[in-house]
């Protein structure tokens with residue numbers, strides 16, 4: 001079956017720049033040039049939340065892995081962390097000196113990586129809301145930065161036409177990929193962590209192996225690629241382009257699978273849900289669209305977990321050089337022996353854990369808001385004391 005348009009959200013007052021699903025797919029976040037963060041409920045008839053706080057366009061939004069926080073990056077040079085609930089409280093991260101184009105959580109939810117027009121990539125701790133360090137080798141605006149699935153590497157893409165790979169621990173640039181003919185708008189890690197995909201103004205999508213640092217696949221489009229997202233199986237990649245289309249690439253076959261027309265005007269952003277059943281797109285037409293993946297049901301892809309430390313190199317018989325943990329199509333076999341209760345127990349346990357994570361996130365957030373208020377109070381107190389000193393000195397003089 002072809003992908004199909006499922007829902008369609010209207011409410012932004014300017015181009016949508018970024019979209020993301022929460023873990024459970026109950027919520028959807030979108031950022032826009034209208035400076036607002038919107039949280040949409042996937043339940044019918046549930047109202048959306050509009051969060052105001054940024055002083056300028058929001059260029060990137062992302063849910064934390066647990067789904068209880070949303071990070072947003074803005075042209076106002078700040079990053080904000082929100083609790084996606086009624087109150088919509090947020091805390092602010094300030095260290096960049098120019099537009100922040102991208103924000104991304106590490107898979108453990110402990111760190112954030114941001115990319116900015118000040119030509120730096122910065123890493124922060126989520127819970128202390130502290131700036132940790134900068135990576136400074138790009139010589140132009142940095143459009144995008146992401147952690148690898150294991151959190152050991154960072155990849156960044158820039159208007160200096162390079163994609164750089166960094167070691168988070170040593171903070172060194174391990175490799176620069178310089179094959180792009182234009183600005184590189186978006187980059188991301190394959191779910192296996194063994195390769196990256198990047199797209200940009202030269203209308204290409206390129207996939208590189210990060211172990212061998214070699215080009216694996218190259219897709220030539222006919223329009224600027226603004227955003228891309230890997231299907232969790234690792235077998236597909238979806239792109240959003242300025243010619244208003246979404247394109248789904250089959251990485252096993254190394255070919256274009258679908259071209260989807262939905263947006264009027266440039267498609268600016270796209271993201272698969274964490275289970276790959278849905279994907280969401282946003283455009284200059286102020287619309288957010290949710291699509292049913294469908295094509296996945298045909299194949300029932302099973303992804304073999306990669307053994308750590310061992311890598312299998314070798315080309316597939318399909319003639320596409322894709323050995324990045326992408327596996328040939330297998331059909332799902334239903335294990336009828338598994339009883340229902342076990343599954344239910346697992347889901348209730350998962351729900352409980354999810355709830356605990358949520359409470360922790362909210363606690364962290366509350367503590368940090370309190371910390372901010374404390375520092376404000378301390379600053380005020382200091383001011384008062386200084387003023388008193390001045391008054392006393394003036395009297396004595």
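Quick reminder: no glycine exception, Cβ is built from N, Cα and C everywhere.
In TrEMBL this protein carries:
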COMPBIAS  307-320  compositional bias 'Polar residues'
COMPBIAS  332-343  compositional bias 'Basic and acidic residues'
REGION    304-347  region 'Disordered'
REPEAT    9-50  repeat 'WD'
REPEAT    51-82  repeat 'WD'
REPEAT    93-134  repeat 'WD'
REPEAT    135-176  repeat 'WD'
REPEAT    177-218  repeat 'WD'
REPEAT    225-259  repeat 'WD'
REPEAT    260-292  repeat 'WD'
Item checked: Stretch with greatest number of CB pairs under 8 Å, the repeat 'WD' (260-292) reference, 9-50, 51-82, 93-134, 135-176 candidates -> 9-50
Margin query: Please list the DSSP helix, strand and coil residue counts for the repeat 'WD' (260-292).
Written below: 0 helix, 20 strand, 13 coil
Note to self: Under 8 Å between C-beta atoms and at least six residues away from its ends: which parts of the chain pack against the repeat 'WD' (93-134)?
What the structure shows: 59-66, 69, 71-75, 77-81, 140-147, 149-151, 154, 156, 158, 166, 168, 171, 364, 368
Checklist line | Mean of the pLDDT scores, which run from 0 to 100, over the repeat 'WD' (260-292) | finding: 96
Notebook entry, point to check: Which residue counts does DSSP yield for the repeat 'WD' (51-82) in the helix, strand and coil classes, in that order?
Noted result: 0 helix, 17 strand, 15 coil
